[in-house]
Amino acid sequence: MAQQNFRTRARSSYGGAKPRRTGGNGRFRADDRAGSRDHQRQATAPEHAPRASKPRHRKHRPDRGDYRPQRPDRTTQRPTAHGHRPSTPGIDAIALGKAGDNLTSSGTFESFALPAPLLRALHAQGIHAPFPIQAATLPDAIAGRDVLGRAQTGSGKTLAFGLALLARLHGGKAVPGRPRALVLVPTRELAMQVADALTPLAKATGLWVRTVVGGMSFDRQAQVLRRGVDLVIATPGRLADHVRQGTCALSQTAMVAVDEADRMADMGFLPQVREILDLTPASGQRLLFSATLDGAVGTLVGDYLTDPVEHSVAPVTASVGTMDHHVFQVAHTDKQAVAAAIGARPGRTILFVRTKHHADRVARQMRNVGVPAAALHGGKTQGQRNRVLAEFKDGRCSALVATDVAARGIHVDDVSLVVHVDPPNDAKDYLHRAGRTARAGAAGTVVTLMTPEQKHTVRRIAQQAGVRPAIIPVRPGDTELARITGAQHPSGVPLRDPADRRTSNRKAPQRRGRR
């Protein structure tokens with residue numbers, strides 16, 4: 001994705017509103033008119049002079065005087081393996097509850113310096129033992145060190161950085177318009193799912209967690225930010241809009257976690273991530289999680305993480321070992337019927353295609369023959385996408401037809417089968433698609449539907465991904481198709497699209513006119 005100027009992004013994402021002035025290099029500017037008037041008023045009026053021209057009932061606005069256009073000095077002392085991190089705004093110490101509240105043991109979350117309310121919330125959800133990435137990173141992250149985590153999707157990264165942030169935030173107080181901690185993610189869906197995982201834990205510790213993503217009301221998000229939020233989970237573009245409009249300041253955001261940094265790089269978000277990190281305290285803590293650390297991600301680590309502790313759980317190709325990989329060679333005329341039979345199987349299935357139009361077409365064809373399928377892509381509204389994911393999670397929709405971009409935020413357990421209806425572009429996309437199944441060490445099956453002319457491309461991608469699947473010719477109704485995937489004959493009863501279910505239940509407006 002080509003880098004966009006912030007001025008252009010603000011105009012397109014905020015309904016045409018004119019953004020605040022920016023410098024020649026596109027960085028955020030703090031010298032808005034309201035801020036300038038405040039400084040002039042302070043210089044000419046007595047210290048406690050009343051503001052006669054300002055009505056008392058006017059709503060309070062957060063001070064915008066801390067938006068600095070210049071890049072912070074990165075030479076500020078940062079923690080090292082033999083030193084301590086200097087105090088940061090809003091976090092004078094790691095508040096972990098009353099003395100004696102934190103129990104200690106080995107092999108469980110009690111072995112970490114987590115607040116007692118947080119431990120009780122984990123136990124209430126049936127979470128007792130940490131995943132490897134959590135056990136590796138939590139001690140350093142809670143201690144305030146910069147952490148670099150290499151782990152695949154489904155390895156437990158969300159709690160790895162989420163528990164550390166909540167533990168360090170515990171006992172503090174949110175400031176209007178100035179979040180104390182930040183999580184940056186590449187997609188709206190991933191932001192929602194991170195929030196779903198952390199909100200119950202934050203509520204147990206008295207902390208406020210909110211999402212700031214595109215596709216949702218800007219004004220409502222601004223109102224929530226003005227009330228004060230401890231932890232913001234955001235996509236880079238929408239957060240940049242709020243900073244530019246003066247509804248969010250990052251001067252007291254002492255902790256930042258960047259999740260799926262490699263996908264950020266693929267989607268062209270790293271320039272915005274850099275701009276956001278430049279506005280946070282130079283002495284703040286950085287947690288970065290990525291499947292790979294090459295190219296632009298490695299440069300980002302070198303520029304913004306100080307003496308990071310690196311923890312790697314598994315290499316890129318290790319996760320494919322818990323999956324069964326198969327390639328089905330199908331004729332063009334049979335591909336639709338084979339996909340529908342696979343979608344009719346019991347359990348959750350994700351089917352990947354390349355374009356949003358193909359996703360709509362495949363989902364519609366499957367619903368027409370009785371398969372509870374829905375499409376997920378960037379062309380749908382956020383409300384439609386939320387409804388589709390909700391029905392996929394609760395089982396009302398068992399087949400999800402998704403594009404690569406939209407599926408980057410899908411983190412749903414118990415997805416036992418992934419189908420490449422359209423082969424991926426490269427090995428990286430193959431592994432990321434496959435990562436929707438076999439999460440947290442569970443078993444899963446990955447199937448690629450291949451037409452004869454795609455044979456060379458599919459073989460090359462599989463070899464680069466480190467898998468060697470056998471090529472099996474199949475037709476609708478074949479025993480081998482049913483044995484591997486559990487494919488069934490669809491019911492043939494047409495079904496309604498869950499994304500449009502709400503609007504279809506509304507009464508149609510009555511026409512008025514001459515009779």
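Note that the numbers count up from 1, one per residue, in the order the chain is shown.
The backbone N, Cα and C atoms fix where each Cβ goes, and this holds for glycine too.
Cross-referencing 107-135, 194-222 with TrEMBL places the feature motif 'Q motif' at 107-135.
Mapped onto DSSP classes, the domain 'DEAD-box RNA helicase Q' (107-135) shows 16 helix, 0 strand, 13 coil. Here the domain 'DEAD-box RNA helicase Q' (107-135) has a mean pLDDT of 90 out of 100.
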